[in-house]
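Student: One structure, as structure tokens, below. Some questions next.
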Amino acid sequence: MKTKMIVSTSMNAGEGTRTEAEDTSKGVASLADLDSQSAAAEVSESDIKPSGPRITKDFLREHCKKNKLYLTPRLNDTLYLHFKGFSCIEGLEEYTGLRCLWLECNGIRKIENLENQTELRCLFLHQNLIHTLENLEPLSKLCTLNVSNNYIKVIENISSLSDLSTLQISHNTLGNVCDMEELSHCPSISVLDLSHNRISDPALVNILEKMPDLRVLNLMGNEVIKKIPNYRKTLIVRLKQLTYLDDRPVFPKDRACAEAWAAGGLEGEQKEREMWQTRERRKIQESLDAMTAIRETALKRRQDRELSEKGIIEFPSPVAEDQSPHDEISDIEPAESDSDSETTQEQTDASPSPSEMDHNFNSASDDSDQSQPQPNESVHSSFDEEQIRQSATWGLKPKEEKNQILSIYTKPSQSDQRVLISVSGPGALVTELISEDEIESINLSDEPVLTIDDLPDLEDEENSHILPITSQSGMRPKIEVISSIDTESEAVRSLYPWPHSDAVALDQSQQLISVSTTRNSVKQQSTAFTSLAEAGDDVPKAAEKRKTVLIEELD
């Protein structure tokens with residue numbers, strides 16, 4: 001029995017060792033499988049190609065041809081690769097002349113492969129999947145960098161960009177002030193957009209103070225705005241070069257009031273604001289006064305032009321043109337008073353009576369006939385005196401000017417009493433009379449006028465061919481429309497009361513209506529009438545007594 005138990009125990013021990021060996025072998029196999037799987041995964045990750053469109057040479061060539069760009073890569077300075085769905089930056093090695101690269105609205109996860117773009121000025125990478133700022137050292141001439149709407153947590157690797165002036169990094173995940181310490185090493189940045197991030201530490205102002213050229217700052221959408229007391233005034237005072245904060249510009253008035261607030265509190269700010277308001281009102285009033293002065297000068301110029309068109313204008317003296325307007329006014333007033341007194345004295349002394357005026361005018365007209373052989377001297381003297389009188393009347397008023405012109409017409413000149421000077425200018429027009437010797441007389445011939453007495457006496461004769469009498473002056477025939485033959489015979493009988501037949505009466509009525517085309521002289525007609533009178537012995541005596549006038553003068 002003992003031997004059997006020993007054999008069984010030995011057998012159980014052998015089985016246990018076998019199971020342990022099998023377990024260890026299985027564990028080693030499982031570890032080997034895990035290592036092989038991880039290695040295969042690494043290899044597969046390295047060998048997997050990015051999905052989606054890629055930036056290839058063929059694509060860039062077709063893109064340049066489509067957008068009418070240069071087919072030679074280095075000649076292009078701008079590439080528009082936005083809204084294409086690219087996941088990485090590649091294939092830009094030959095485009096060494098690029099100055100502006102648009103890669104917005106793609107699926108780019110990393111900034112890379114930009115070593116050959118040393119001339120790049122603007123890089124637009126907003127609305128992508130970028131997590132870190134890296135590989136920007138070759139872009140030494142970069143001026144504008146837009147990485148908005150990404151997943152950036154730390155601002156880094158931009159201190160090497162010495163020409164960077166605009167950084168737009170809004171809508172990211174910036175939170176801690178230490179993550180933005182890189183900004184203090186970028187003195188060239190003048191436009192900084194940090195809006196809509198997770199910034200809440202007021203110590204950000206200390207970093208912004210170290211940026212000497214910062215002019216435009218946007219912190220909207222951050223909690224730090226609520227944690228800084230008097231946010232706008234504080235930033236305006238501490239950032240000396242700031243000209244635009246958030247959504248509003250910083251005017252000089254705002255800066256002056258903020259500095260007064262920092263120095264004297266609310267009272268100092270109120271005083272400074274009142275001073276600025278009074279200054280602004282003064283400027284507005286000065287501008288209104290200037291506009292009023294311009295309008296008055298324009299109105300005065302218009303009135304002067306209208307007066308000059310009418311012939312009444314006050315000419316400024318040539319000597320006083322260089323003087324100021326106040327001096328001109330002060331000089332004109334005494335001149336007007338002196339001219340008034342002189343003109344009144346001259347009019348009272350030199351105004352002659354109407355008889356003397358007629359006598360002077362007649363004598364002047366007689367003397368002008370005698371002085372015709374010397375026309376040049378009189379013309380020159382009259383022209384000189386005209387200029388003198390015009391220059392004397394330049395500064396006078398319209399009333400004085402009329403009096404002066406009247407004295408010129410009425411008073412003869414002192415140099416030559418024989419010549420009457422007429423000055424052309426505003427005022428009444430004077431008509432000069434011509435001497436009787438120069439008047440040309442036309443003698444009209446006395447033509448005989450034909451009257452009624454010159455015409456011969458005509459007797460009433462019975463004649464069927466009575467011709468109308470024509471004279472030199474055209475006479476219009478009197479035409480009457482007769483309705484029937486009876487009325488025609490009655491009308492003829494009333495004109496010719498002697499007895500005659502109906503045929504003769506009809507012929508006579510037709511002759512009265514018809515117009516004769518023959519031209520017979522008065523003598524021929526008189527002989528015809530005498531022959532008719534001799535032949536008509538059978539005319540009754542009663543008809544001879546009643547004679548009618550056949551010829552009448554018509555107006």
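For all residues, glycine too, the Cβ spot is worked out from N, Cα and C.
Per Swiss-Prot, the features are:
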- 1-12: compositional bias 'Polar residues' (COMPBIAS)
- 299-312: compositional bias 'Basic and acidic residues' (COMPBIAS)
- 330-343: compositional bias 'Acidic residues' (COMPBIAS)
- 344-364: compositional bias 'Polar residues' (COMPBIAS)
- 1-27: region 'Disordered' (REGION)
- 299-401: region 'Disordered' (REGION)
- 97-118: repeat 'LRR 2' (REPEAT)
- 119-140: repeat 'LRR 3' (REPEAT)
- 141-162: repeat 'LRR 4' (REPEAT)
- 188-209: repeat 'LRR 6' (REPEAT)
Student: Provide the three-state DSSP residue tally for the compositional bias 'Basic and acidic residues' (299-312): helix first, then strand, then coil.
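Tutor: Taking the compositional bias 'Basic and acidic residues' (299-312) as a whole: 12 helix, 0 strand, 2 coil.
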Student: Count up the helix, strand and coil residues in the repeat 'LRR 2' (97-118) according to DSSP, in that order.
Tutor: 0 helix, 3 strand, 19 coil
Student: Please give the average pLDDT for the repeat 'LRR 2' (97-118) in this predicted model.
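Tutor: The answer is 94, the mean pLDDT of the model over that range.
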Student: Which residue counts does DSSP yield for the repeat 'LRR 3' (119-140) in the helix, strand and coil classes, in that order?
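Tutor: Secondary-structure composition of the repeat 'LRR 3' (119-140): 0 helix, 3 strand, 19 coil.
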Student: Please work out the helix, strand and coil residue numbers for the repeat 'LRR 6' (188-209) from the DSSP assignment.
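Tutor: The counts are 6 helix, 3 strand, 13 coil.
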Student: Treating G and I as helix alongside H, and B as strand alongside E, what does DSSP give for the repeat 'LRR 4' (141-162) in helix, strand and coil?
Tutor: 0 helix, 3 strand, 19 coil
